[in-house]
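Some notes on the structure that comes next.
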Amino acid sequence: MVRTYLLLLLLCGPATPFFNHLMDVTRRLLDSSNATWQRDQPDTHRLSRLDAHVMSMLGVGSHIDEVSVNHSQHLHNFRSYNCEEGRRTLTMMDPKSGKFKRLKCNENQTLSKDCASCIEKKSSIMKSEHLVYDDAICQSDYSSPEAMPDHETHLCRIGPLHIQHCTHEAKRVQHVSWFWIDGKLRVYDDFSVSWTEGKFLSLFDCLNETSKDHNCNKAVCLEGRCSGDLQFCTEFTCSYAKADCNCKRNQVSGVAVVHTKHGSFMPECMGQSLWSVRKPLSKRSVTVQQPCMDCESDCKVDHILVIVRHFYPDHYQACLGSTCLTGRAKDKEFKIPFKMADRLSDSHFEIRIWDKERSNEYFLESRCESVDACAAITCWFCRANWANIHCFSKEQVLILVAVSSLCILLLASVLRALKVIATFTWKIIKPFWWILSLLCRTCSKRLNKRAERLKESIHSLEEGLNNVDEGPREQNNPARAVARPNVRQKMFNLTRLSPVVVGMLCLACPVESCSDSISVTASSQRCSTSSDGVNSCFVSTSSLLQVSPKGQESCLILKGPTGTAVDSIRIKTTDIKLECVRRDLYWVPRVTHRCIGTRRCHLMGACKGEACSEFKINDYSPEWGHEEELMAQLGWSYCVEQCGGALCQCFNMRPSCFYLRKTFSHLSQDAFNIYECSEWSYRINVLVSTNSTHSNLTLKLGVPDSIPHGLISLSSVSQPPAIAYSECFGEDLHGTKFHTVCNRRTDYTLGRIGEIQCPTKADALAVSKRCISSDSIIFSKVHKDSVDCQSSIIDPMTIRNRNKLPSTVGSVTFWPTETSVEAAIPDLASATMLIRLDGYTIQFRSDSNKCSPRFLSLSGCYNCEAGAKLELEHVTDFGTALGILECPSLGYTTYYEVKNTLEKSIRTMHLNGSHVEAKCYFRCPNSESQLTIRGELIYLFNDDIRHHNQTLSPGLSPKSGSGWDPFGWFKASWLRAIWAILGGTVSLIIGVVIIYMVFTLCLKVKKS
C-alpha cells in the first residue's frame, strides 16, 4: 500500500501539465464561445474579461471593416502589436475615424507575430482565433452620439486624432480610456461609471412562449405584449393573456452610465487602448546668456555707469578687480559703486544683468584703466582722505595747519587759565600755609631738642663708648650713605630712558608681509643630464600655500639642485563663492486631481454581501481603467455605500456600492527637485598653469583635484558665515532654480511645496505609487452616480515663476549656479591650499644668460585686498631665463619670465606699511642684481560702498596684517628734509650745551 502511494506521488509531478491540458480542453468543449474568447484575450484585458454576460466589441458588426490583404498598410505606428500565435483575426479601433478594422486571414492561415502578414499555419482549438487589440465592452442600450460631451483631457494628440493644439509636446505610449457611440469617440480624464438597472430590455432574457425560442423580438415588449417576472413587470407593462414573450432578469450587471463634468450618457462601447499620445510639455525656461550688444559702460573714479536700452534690467552681478557686487537696477541707467582699491590697477570687469522676468541673462565685458593711488580717494569726509597725509591737497594742508594752530592756541589758553587760577588760589592759601608751617617748625624744634637730650642720656649710661674701632666706622658710614643715593639716581634716570629706547626700537622694526610664493629645490639624487645638455629632475613635495585674492596669483617656484629657479606652478584665483551644500529632499510633480468612480447595484458585479466594507485602499475596480497604469500611480481606493431600489435605478433594495479611485493627472510633463542647504561652504575656482598646461579647477575643503603628477586641495578655510535662511530651493528639469517654503520629509502639510513627495524624477513624472502624500489632498463627495472632487494642489510652476533666482530674501541675495545656489555675503575668507607633487618633471638647460632689471614704480594700498602694484622692466643678454625677485626684509618672492626684448611686468605685493624702501635681489642663471624698491602706499578703510539694495559677494582677505599705520608717514620722502632740519637744529643745540658745560667744568677745575 505504501508503495502505491509513493508511486502516485512520483507520478503527480510529471502528470500535472497533462491533467491541466486535459481540463483546459474539456472546459473549451463545454463553455460557450464567448466565454472561451474572453479567457483567451491578453491578461491585460481586465475589462473585456470582467463578465461573461457582457457583450464584447465583436458584437458591433456593422462598424467593422474587414481587411484580407495588405495588412501592413493598416498597421500604424501609434500601436504596439503582438498577435502571438494561432490568431486568425485582429480587431482594432481607429481613434480618428471611429471605425473598427479587422485584419483577417484565410481558413488555413494565421497572423504572424507582428500582425503584418499571414502565415501558412492553421489555428488551434486551444486558443481563440479572434484577437481584439482594444480592451473594451459594449452594450445594447446607449444614448445618441449627440449626448456625449466634447473631449476633456490634457492630451494633445492620440495617434492620428488631434484633440488640442500644444506648443510643446512630449510623446509617450500609454493606455487611454475612451467612450464610443456609433462611430464617435470621446476621451475624458475625470469620469465615473455607474451600472444602473431599470427600463432596459438588455437586462432581460425573453422566451417566445409559442416556439420556446430565445430569439424573441423584444420590440413587442415595449407595446405591452409581453409578460415576465416581478422586476420586468415593474419596469414595463405586462400582458398576462396571450403574451408573445415571457421575460426574466438576466445576469447582465446593468447598463453603464458615464458621468463627466459636463453631462452624463450611456456609451455604446467603452474601453482602454495602448496608444501613442502626445502630452503638453512646458516651455523651456532655462536662462540663456547672451551679450548685451547695445549696452554701454563708462568707468568713473568711484563707480561704473551702465546704460541699458532694449530691456528693463533687474538683478545684476558685477565684478571688478577683487570685488564682486550684486544688486538690483532701478532704471535703464544705473551706477555700480566699487571700492577705491579696485581702481588702483588696470582691471577687467564683467557685468551680468537679468531682465525683469529673469528669463534672459546678458553679459557686458570691458576694462577700467587704473588711476593714481591718491586720486582714487574721491571722498572728502571719509577716513581714507585724512589717514594718508602724503596724499593731502593744498587745502587739506592749510586746514591741518589752521587746526593745529588753533589746538596749540587752545592748549596755551587752557594752560594760562590754569596758571592764573593756581596763582590766585595760592595767594589766598599762602597766609594760612605760613602760619601752619611756622607751627610745624616750632613743634619740630622742640621735639628734636627733647630727642637729643634723651639720646645723650642713653649714650652716657652705655658702656664701651670710648671703643677705638668705632671711630673709623663712624667715618665710613657717611660716605656709604652718600654713595647709595647716587646709584639709585642713576638707575632712576635709566628707567626714565627705557620707554624712549623701546619706542625707537619699535619704529626701527621692518614691516612684515606674508609670502604668496614658496620655493622647492629638487634633490641632486633625482636629477640627470642627457647627451644634448638637458637636465631632468623629479620633484616630490607637499607644500602649503595661501590662496590669493580674486584675480591674483600664488606661485610654487621649483629650483634645480644649484638653487636656480627653473620652473613654476602658478595658481590664479578666478573667483570665490559661498555655495550651498545641497541635501535633496524629494521630487514634486505638476499635477491636478483626478477622480474615477463606478457604481454597482447590490448583487451586481463585486457588490455582494460585505464587499463594500471590505474594500481596501489599494483595491481595483475594472471599470476605472487599465489596472497596470492606474494602480501604479499614487492614489486611494474607496467604496462608498449609496442608495438602492428603484429611485437609484436598482432592483435590489439594499445599498449599492460606489467604487471611487482618487488619483492625479499631469498638468504638464514637469518635475521639480526640492532640496535644502544643510550648510554653506566656500568654493574657490582657480586656474593652475605650468609651462605646458592650463587647468581650471575648483577647490573645496577636503576634496582633492588632480594636476600633472600631483594633487591640489583646499587644506583650510575660515568658517563660513551663518545664512539667515532656513527654507528650501527648487530646480526644474531645465536647471532653473527658485526659492520656496516647503515641507520637510514625511511632512505633508497642505498649502506648500511638498504636499506630494516622490523619491526620484521618474516617480514624479509618473506620479508613481512610490510617491507619498495625504489622502486629504483631494476632497471628494459622492452624489449617487457621480463624484465631486476638489483640491488646492500647489502649482510648482507658479512658485518657480514668482521666486526665480536671482532673488533677494531678507538681507541675502541668492544666485543660481550650474549645480546649486550661491549666496552673496560681504565677508572675507582666509584659505590655504595643499599641493602634493609626486615625480613632477622639470627640464632645463644650464644657461649662462644674464638679466638686467630696473625698478619703475610701487603704488597702491597696504593692508588691502587689492594689494600694491610693483612695476619692473627686465631684459636678458640672450635667450629666455626665469628670474626670481627676492625681498628678504619684506618676505616677498616672485618670478619673472625674462626675454631678450625689453618688457614691463606688474606683480602684486601685500604689505602692511605706508612707506616702503627695501633692498631686493633679482637672480638669473648667471647674474644677481640688487634693486631698491621705494613707494608710498595709501590705506583705504573697508568702508561700506553699497546701496540699500546691493550686496558684496564673499572675497579673500589680504595676506598681510590689517589696520592703519598712523606713523608710517613719518618715514615719507617729503618729510625727510623736515626731519633733517629738525635733527640738525637739535644736534647743534645739544652740541653747544655740551661744549659750554665742558668749558665751565674746566674753569672750575682750574680755579680750584
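Glycine is no exception: its Cβ is also placed from the backbone N, Cα and C atoms.
Features as listed in Swiss-Prot:
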type	residues	note
DISULFID	Cys216-Cys226	disulfide bond
DISULFID	Cys233-Cys238	disulfide bond
DISULFID	Cys292-Cys295	disulfide bond
DISULFID	Cys319-Cys324	disulfide bond
DISULFID	Cys580-Cys677	disulfide bond
DISULFID	Cys595-Cys789	disulfide bond
DISULFID	Cys601-Cys650	disulfide bond
DISULFID	Cys607-Cys657	disulfide bond
DISULFID	Cys612-Cys639	disulfide bond
DISULFID	Cys643-Cys648	disulfide bond
DISULFID	Cys728-Cys742	disulfide bond
DISULFID	Cys861-Cys864	disulfide bond
CARBOHYD	Asn34	N-linked glycosylation site
CARBOHYD	Asn70	N-linked glycosylation site
CARBOHYD	Asn108	N-linked glycosylation site
CARBOHYD	Asn208	N-linked glycosylation site
CARBOHYD	Asn691	N-linked glycosylation site
CARBOHYD	Asn696	N-linked glycosylation site
CARBOHYD	Asn912	N-linked glycosylation site
CARBOHYD	Asn949	N-linked glycosylation site
REGION	419-465	region 'Golgi retention signal'
REGION	497-513	region 'Internal signal sequence for glycoprotein C'
REGION	601-607	region 'Fusion loop'
REGION	644-655	region 'Fusion loop'
SITE	Lys1006	site 'Important for glycoprotein C and glycoprotein N subcellular location'
TOPO_DOM	18-394	topological domain 'Lumenal'
TOPO_DOM	416-496	topological domain 'Cytoplasmic'
TOPO_DOM	514-977	topological domain 'Lumenal'
TOPO_DOM	999-1008	topological domain 'Cytoplasmic'
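In the shown protein chains, 25 other C-beta atoms lie within 10 A of the C-beta of Cys742 (disulfide bond). Sequence-distant neighbours of the region 'Fusion loop' (601-607) (same chain, 6+ residues past either end, Cβ-Cβ under 8 Å): 50-51, 195-197, 253-254, 621, 644, 648-652, 654-657. When the alpha carbons of Cys864 (disulfide bond) and Asn912 (N-linked glycosylation site) are compared, the span between them is 9 angstrom. If you compare Cα positions, Cys742 (disulfide bond) sits closest to Cys295 out of the disulfide-bonded residues Cys226, Cys295, Cys650. Cβ neighbour counts within 10 Å, taken over all protein chains shown, single out Cys864 as the most crowded of the disulfide-bonded residues Cys233, Cys643, Cys864. When secondary structure is read from DSSP and collapsed to three states, Cys648 (disulfide bond) falls in the helix class.
When the recorded positions Asn108, Cys292, Cys295, Cys595, Cys612 are compared by Cα distance to Cys677 (disulfide bond), the shortest distance belongs to Cys292. Closest to Cys657 (disulfide bond) in space, going by CA atoms and restricting to the recorded positions Asn208, Cys238, Cys580, Asn691, Cys789, is Cys789. In the predicted model, the topological domain 'Cytoplasmic' (416-496) has a mean pLDDT of 67. DSSP assigns Lys1006 (site 'Important for glycoprotein C and glycoprotein N subcellular location') to a helix in the three-state reduction. Of all the Cβ atoms in the protein chains shown, 9 others lie within 10 Å of the Cβ of Asn696 (N-linked glycosylation site). Among the recorded positions Asn70, Cys216, Asn696, the ones whose Cα sits within 10 Å of the Cα of Asn208 (N-linked glycosylation site) are Cys216, in sequence order.
The disulfide-bonded residues under consideration are Cys226, Cys601, Cys648, Cys657. Their Cβ neighbour counts within 10 Å are lowest for Cys648. Neighbour density around each Cβ, counted as other Cβ atoms within 10 Å, peaks among the glycosylation sites Asn108, Asn208, Asn691, Asn912 at Asn912. Within the set of recorded positions Asn70, Cys295, Cys319, Cys643, Lys1006, the entry lying nearest in space to Cys216 (disulfide bond) is Cys643 (CA atoms). The subset of disulfide-bonded residues (Cys292, Cys295, Cys639, Cys643, Cys728) lying with their Cα within 10 Å of the Cα of Cys650 (disulfide bond) consists of Cys643, given in sequence order.
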